[in-house]
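A.B. asks: I have a structure here, written as C-alpha cells, and I will follow up with some questions on it.
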Amino acid sequence: ACKITIRRTKMTGDAPVIATTTTTTVAETAGKAIATSFTTDITSTVTTTTTTTDSTTTVTTTTDNTPTVDATINSTFTVATAPANLSTAITITNEKMSMEEGHGGDDRVKWGSKLQFFCYCLSYAVGFGNVWRFPYLCYKNGGAAFLIPYTTMLLCVGLPIFFMELALGQYVSLGPGRLFPKMAPIFSGLGWGMVMLSLLTAIYFNVIIAWTFFYTVASFSSQLPWARCDNYFNSPECFTEEDASVCKNNSLYYYNRTCLDTHEYCSLASLSDYNDTHCYSPENHDVIREADGAVYRMSASEDFFRNRMLAVGGRHWEDMGGMRWELFGYLALSWVIVAACLAKGVKTTGKITYFTAFFPYVVLFILFIRAITLDGAYQGIQFYLLEPNISQLMEMEVWSDAAIQICFSLGICFGCLSTLASYNKFNNNCMRDAIVISFSNCLTS
C-alpha cells in the first residue's frame, strides 16, 4: 500500500503558511498510474484528481517494472485551476505495513511522559533478583570480588542487549509477537517464545506475590508467628536461637521445646553419646559427630513457611494434602490486581509506576538501617567488602553466575523491554534510558 500526503500551502507575502494537510492510503499497482482524489477548502474549493493526463492536472509517474509492493513511485503535479497564491505538492511513499495491519505508527498510545517509561523499566528490572539472588551469589563467589565479573557482564552482555531491545521496540512500535515476524519471518518463533517466557514468569511471580499477601496478613499480630516455636503448627524440629542459647548455657540441647542432655539428644539420630559434645554410631565407632549438628532442626521462620503457609510437613507424592484455600484466594487477588493495572493500558500503569519504582527503595533503605544495627553486622560487611576472595575469579562458574544474574536481573530477552519501548515516541533517546536504567538496577543490587 502507498500513503499519499497532499500538503497545500498558501503564500502570505514571502512566507508560506500551511493551510491544510490531507493524507490517505491507496492501493499500489506496479507499472500503472495511481488514481485518487482529494477535496479541500482553502480560498475556494479545489478538486484534484490524479490521472495520467487531464485538462487541469499533469502527472508524471515513474514506476519500477518489477511487479512488487516495493516499486518506487515518484509523482509531481501542478493544479492549473487553483488560485495564484496556492501551490500543491504530493508525496507518495511505500509502506510495507499499513495502519490497518497493526503498525504502531502515530495512532499507538504513548507514555504520558519520559519519566513514566523510565519508572516502568526501573520497576521491571529491580526485583527479587536484586534482594534475594544477588547477595547469595556474592556470598558464594568471593564477596566483593564477584563485582568484577558482574560489571564485566553488564558492559559486554547486559547493556548491549538491553539497548537493542529498547531500540527495536521503539523503532517499529510493536511487541515481540509481531516485531520479529515483520523483521524476519524465520524468527517468528523467537517473538512468541518471548511471550510464552513472560507468561510462565508471570505465573510463578504471582505465586510469590500471593505469598507476600499471606505474610502481610499474618504479620498483623502482637508477636510474629514465624519468630517463635510455640504455635499449633510448629514441628518438633523448630528452634530459635534464643531458646537454643538457654539450653546451651546449661550444656543441654534444644529440641521439641525442651532441653535434652547429650544422651537423649544423640538418641534422636540413632546415635550414642561419646562425650558431652559428640555422638558416635554404635555400628561404627569411628564415626564421631558433633552433637549440635547430629539432629536435623529448622528455624522458626522456615517452619512457618513449610508447615503453616505451604502445609507440606509430612507430605509426600501419595499424600499431597488438600487445597490451600487461603493461598488460592491470595493468588486470585494477585491476578486481579495485575489485570486491573493492565486494563487501561499504559495511561494507567504509567502513573502506577511512580509508586512501584520508588517504594522498593524506601523498603530497602529501612532494611539496610535495620541490618547494620543487628549483632554481627560488621562481620557481614567484613566478609562481603573488606575480605574479597580474588582467587575465585579463576573459576568459570563465577563468570557463568555473573552472566546469568545480569540477564535475570535486567530482564533481557523476555520481550517485555521491547513491548515497553513500543509506546515511546519515535525520537526518544533510548540509549540514554538503557544506560541509566541498567546502571541503576546494578547499583541497587
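Backbone N, Cα and C atoms are what each Cβ position is placed from, and that goes for glycine too.
Automatic prediction, not curation, is the source of TrEMBL annotations.
According to TrEMBL, the protein carries these features:
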- 117-135: transmembrane segment (TRANSMEM)
- A125, V126, N130, S409, N441: Na(+) binding site (BINDING)
- 147-168: transmembrane segment (TRANSMEM)
- 189-214: transmembrane segment (TRANSMEM)
- C229-C238: disulfide bond (DISULFID)
- 327-346: transmembrane segment (TRANSMEM)
- 358-378: transmembrane segment (TRANSMEM)
- 398-423: transmembrane segment (TRANSMEM)
A.B. asks: Neighbour count, 10 Å Cβ-Cβ cut-off, for C238 (disulfide bond): what number do you get?
C.D. replies: 26
A.B. asks: Rank the recorded positions V126, C229 by the number of other Cβ atoms within 10 Å of each Cβ and report the first-ranked residue.
C.D. replies: V126
A.B. asks: Taking only same-chain residues 6+ apart in sequence, whose CB is under 8 Å from that of N130 (Na(+) binding site), what do you get?
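C.D. replies: Spatial neighbours, sequence-distant, of N130 (Na(+) binding site): S409, N441, T444, S445.
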A.B. asks: To the nearest whole angstrom, what is the C-alpha distance linking C229 (disulfide bond) and V126 (Na(+) binding site)?
C.D. replies: 34
A.B. asks: Just counting, how many other CB atoms are there within 10 A of the CB of S409 (Na(+) binding site)?
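C.D. replies: Excluding its own Cβ, S409 (Na(+) binding site) sees 24 Cβ atoms within 10 Å.
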A.B. asks: So which other residues, same chain and not among A125, V126, N130, S409, N441, have a Cβ within 8 Å of the centroid of the Cβ atoms at the Na(+) site?
C.D. replies: L122, G127, G129, L410, G411, S440, C442, T444, S445
A.B. asks: C-alpha of A125 (Na(+) binding site) to C-alpha of C238 (disulfide bond): distance in Å?
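C.D. replies: Roughly 36 Å, rounded to the nearest whole number.
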A.B. asks: Return only the integer: C-alpha distance in Å from C238 (disulfide bond) to V126 (Na(+) binding site).
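C.D. replies: For C238 (disulfide bond) versus V126 (Na(+) binding site), the Cα atoms are 33 Å apart.
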A.B. asks: Other than its close neighbours in sequence, what residues sit by the transmembrane segment (189-214), given a CB gap under 8 Å and a spacing of at least six beyond its ends?
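C.D. replies: Hits for the transmembrane segment (189-214): 128, 175-181, 309, 326-327, 330-331, 333-335, 337-338, 413-416.
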